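Peer 1: One structure is given below, represented as C-alpha cells, and several questions about it will come after.
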C-alpha cells in the first residue's frame, strides 16, 4: 500500500513550490538533504493558531481511535455473545488500527506541520514500513473476513465445524504475512540514496510502475475481490430466503416475505436481535414449562383417579352405595398415593408425560439456539459489509488521485490541500469501525455499555 506520507509530501511540495523537494525530486524510502544546503528547518506553512488547531484535532482522533479499538478488543475477549471464533478477525483488525494511531499518525502529523522529516533516516525506514504494513493489513483482513462470510453462507454446516479458534488464528497469521510480503519488498529492494533536497524528507518510491502496482495490489484488487465475494453472498442469501419463504414462511398482503434489516431475510423463530421470538399460542414459553408440566401431571392423575373411583362406585352402586364428586376427587388423591395397580399406572403415565415434555423442550431449545446463531451470522455479515463499504469510501479518493498522479503526473495532480484531505480521511477510517459496531450491532453496544458503566459504578462504590 502506498504510504499516505507520500501524499503529504507531494501536497507540501505542490504548495511550497520547486524548492521544497517535491515528488519529482525525491527518491524512494529515505531521508534526503542537499549537499550544500542548510539543515535548518524550513519556514512553516501554517500559522501558530493553525498548528495548535490541527494538533488538537488529530490528537483527539488518535485518542478516539485507540480507546474505541481497545474497547472492541476487550468486548470480544470478555463478552459471551461475541466469543465466536470469527470475531477474532475483528480483534486483529482493531489491533492494526491501534498501531496506526500510535506508531504512524503522530509522525505523519509532525511531518505535515513541520514540512520536513525530523526523526532521522533509520526511523524514516521503520515509519514507512509500518505505515504500509498496517494499512495493507487492514484491507487484507477485510478480504479474509469476506471469504469467511462466503464460506459460512455457502457451506454453513461443514465450514462452521472447521472454523475453530486455532484455524482462525492461523488465518490471521497468514493475513499479516501476506501484508508483509506486499509491503516490505518494495521498501528494501527499491532503496537508494535520494537526490538532493532543500531539507530532509521521508517518502516512498516515486516511479510510475511502483505507484500503479502498489495501488492495484494493495487496494483495487482486494476491493474487486471483496465486491465479487459479497455480491455472491447476497445472491446466495437472497435465493435461500426466497426458497424458504415459498416453503414455510407466510406471504404477506403484498406478496413479500418478511426480511431483516440487512435484507437477507430473518430466520424463522428468530427475533429482531437474534433472540428467539415468543413461541406460538399453542406452545407455552420455556419459563412456564415447569408449571405446565405440573398441570398436565395433575390432570393425568385426576383422570386416573376418576377411572378407579368410577369402577369402585359401580361396585358400590350394586351394593346400594353411590359415589359423588367428592369421592371421585378423594379417589384421585388416593390413587396417586396408593401402592396399588392404579397408583402405579398413574405414576407411569406421569413419567411418560414428563419424558415427552422434556424431549419436546430440548428439541425446541436446540432449534431456538440454531436460529439464534443463524440470525447472528446474518447480522455479522451485514455489519462487516458496512465496515468494508466505509473502508472503500475512505481510501478510494486517495488511491484514485494517487493513481492519476502516477499515470499523468502534474497534468492530473489534484490541488495540494485536497490531496492532504484525501489521505487524512483514509487515516480517519481507523477510528470508524468501533462506531459502526456500536450503531449496527446490539451485542457490541451492550458489551460497550457493560465495560464502561460497570467500571464507573465500581469507581463510585469505592
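The backbone N, Cα and C atoms fix where each Cβ goes, and this holds for glycine too.
Grabbed the feature section from Swiss-Prot, which reads as follows:
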COMPBIAS  294-308  compositional bias 'Basic residues'
COMPBIAS  311-325  compositional bias 'Gly residues'
DISULFID  124-202  disulfide bond
CARBOHYD  19  N-linked glycosylation site
CARBOHYD  33  N-linked glycosylation site
SITE      131  site 'Implicated in ligand binding'
SITE      214  site 'Implicated in catechol agonist binding and receptor activation'
SITE      218  site 'Implicated in catechol agonist binding and receptor activation'
TOPO_DOM  77-88  topological domain 'Cytoplasmic'
TOPO_DOM  148-168  topological domain 'Cytoplasmic'
TOPO_DOM  232-379  topological domain 'Cytoplasmic'
TOPO_DOM  442-462  topological domain 'Cytoplasmic'
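Show me how these features fit into the shown structure, please.
Peer 2: The number of other Cβ atoms within 10 Å of the Cβ belonging to residue 202 (disulfide bond), over all protein chains shown, comes to 29.
Under the DSSP three-state reduction, residue 218 (site 'Implicated in catechol agonist binding and receptor activation') is assigned to helix.
Listed as Cβ neighbours of the topological domain 'Cytoplasmic' (77-88) (distance under 8 Å, sequence separation of 6 or more from its ends, same chain) are residues 145, 148, 152, 163-165, 167-169, 172, 376, 380, 443-444, 446-447, 450-451.
Tertiary proximity for the topological domain 'Cytoplasmic' (148-168) is limited to same-chain residues at least six positions away from its ends with a CB under 8 Å from its CB atoms, namely 85-86, 88-89, 229-230, 232-233, 236-237, 377, 380-381, 384.
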Peer 1: Where does residue 202 (disulfide bond) sit by DSSP, helix, strand or coil?
Peer 2: strand
Peer 1: Let me spell it out: for each of the recorded sites (214, 218), count the other Cβ atoms within 10 Å of that residue's Cβ, using every protein chain shown. Which one has the most?
Peer 2: 214
Peer 1: Can you check how the pLDDT averages out over the topological domain 'Cytoplasmic' (77-88)?
Peer 2: 91
Peer 1: So for residue 131 (site 'Implicated in ligand binding'), how many other CB atoms are inside 10 Å of its CB?
Peer 2: 26
Peer 1: Could you give me three numbers for the topological domain 'Cytoplasmic' (77-88), the DSSP helix, strand and coil residue counts?
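Peer 2: Going through the topological domain 'Cytoplasmic' (77-88) residue by residue, I get 9 helix, 0 strand, 3 coil.
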